[in-house]
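Trainee: Encoded as structure tokens, here's the structure I'll be asking about.
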Amino acid sequence: MIIHLDMQSEVPIYTQLEHQIVEGIAGGKLQPGELLPSVRQLASDVGINLHTVNKVYTRLKQEGYILVHRQRGVVVNPEGMPSATSEFLEKQAAELRPIIAEAILRGMSRQELTEIMEQIYTEIALPTKEES
Amino acid sequence: MSTLSIVVLTLIFIPLISSLAFMPYLTRETVSFGISISEEIYRSEPVRRMRKNYALISLLLYGLLYLLCAFALLRSGHQDRLEESIWLPLFIFLLIALSSGLFLYFHFKMKQLKRALPGTAEAKSILAVDTKYRQNKLAVSNHWFWLHVALIAGSVLYMLANYDRLPGQIALKYDFQGNIVESAAKSYATVLSLNAAQIMMLLLFLFINWSIQHSKQQTYAGDPERSIRQSSIFRHRWSVFSLLSSFMTIGLFSFLQLNMIQPVHTSVMISVTLAIPLFVVLFAIILSFLTGQGGSRIKRPAKGSNVQPVDDDHLWKLGMFYYNPSDPSVFVEKRSGIGWTINHAHPAAWTVVGVILIIVIVSILISK
């Protein structure tokens, strides 16, 4: 998968990296069991500090999206992704709240907001995921 | 003999001059004189003109320098050796000084040009990174180097087996006519000294092959798939080159050892000793012109992308020296040239350079 990073964005690189990998797995561009570059290799290719990449991989590992083996390297979790646990739903709600609040503040209707969510969902998700 | 010096001068001159003068045509299409630009800008008229001017001025300047040195060599040839041996290194030094000066002049002109172009200031700086990059065959397997090990081992065994057949004095240095200039008493150290050099070379080339595989990925966001394809072919070709040229050079040393026990005709020895390095250099030049840096000359697309590559001009000092303390990469592809260079901010890079320098200096001192 080809990761695109905006080096001059206000959004920090580690956040962009994390989002790109999550989106990659969600959209099927990164398959379960697929190899990801090692911390050192990815840091070298992007040109950022090892600790930054480590931070990203650690977070993704904690969520259960990737596995980090000393010898075998980094892989996308071959046993599939964790489901939407109550813990996750709480965190998601907290992350969505400011986005929705700002939308209301700017006078967006419920309809408009839903349409945007649908559009992005379609853009990202695998066709098979929608059917199930 | 001054004629031979001129032949050597010419043989050095032609590949050097052509690669220096035409270098801007060999770089990636996202770089012009050490400044990052979109492919579209690279192919635009003003930049094309700069490249042409650079080539013409280079050829003129270096041509004059060549004539000067050839003339000086012809004159001094009939006088003393010392003057003769000064001119070749002087020529190379002046060549380096001239080419650096010329490059820097064009580098600053290009910088001005970029600033004057519309849209480049606000253009997004997008970096593309392929997670599967190293799953391509970037370098040949290191196991190929077992052939080199076998050749070295064979040479060592051959020398040891024939130790008694060797004369009491081992020839160490020859001049261009094949006369022995320096020799030493026979001992295991002198007899196997060439093998020690072979082992050093093997380690160096193994290291080169490793770094071709692992050096920093530099993918163009404007057309990532094509960029990766070109880059993979580029790295693979240079890996094959390293494998073959190291084998030939190690072979040359074995040939020289064979010559100690079963001497061949002087002219054969001189020819082989000159032919092999010449062939390696020619091979490199041809490969550079066919492949281009990063594979830029492989299957060029009809139209250049207008996407601005990631703006890291501030990391490339004078357009030539990569200095990035946040980057853990030790080796990166050159921006203005063919091949790889070091990340000057990385301590490991300085260690590598230091070790190589020490080996060279020590070898020179020992041979005195």
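Here the Cβ of each residue, glycine as well, is placed from N, Cα and C on the backbone.
OK, TrEMBL features for this one:
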- B:325-350: domain 'DUF5808' (DOMAIN)
- B:6-26: transmembrane segment (TRANSMEM)
- B:53-74: transmembrane segment (TRANSMEM)
- B:86-106: transmembrane segment (TRANSMEM)
- B:144-161: transmembrane segment (TRANSMEM)
- B:188-208: transmembrane segment (TRANSMEM)
- B:238-256: transmembrane segment (TRANSMEM)
- B:268-290: transmembrane segment (TRANSMEM)
- B:348-366: transmembrane segment (TRANSMEM)
Trainee: Per DSSP, what is the residue count of the domain 'DUF5808' (B:325-350) in each of helix, strand and coil?
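Mentor: DSSP classes over the domain 'DUF5808' (B:325-350) add up to 4 helix, 7 strand, 15 coil.
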Trainee: Count the CB pairs under 8 A between the transmembrane segment (B:86-106) and each of B:6-26, B:144-161, B:238-256, B:268-290, B:348-366, then give me the winner.
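Mentor: Of the candidates B:6-26, B:144-161, B:238-256, B:268-290, B:348-366, B:6-26 scores highest.
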Trainee: Who are the chain neighbours of the transmembrane segment (B:268-290) in space, where the CB to CB distance is under 8 Å and they lie at least 6 residues beyond its ends?
Mentor: 11, 15, 18-19, 22, 26, 174, 176, 178, 237-238, 241, 244-245, 248-249, 251-252, 255-256, 259, 297, 338
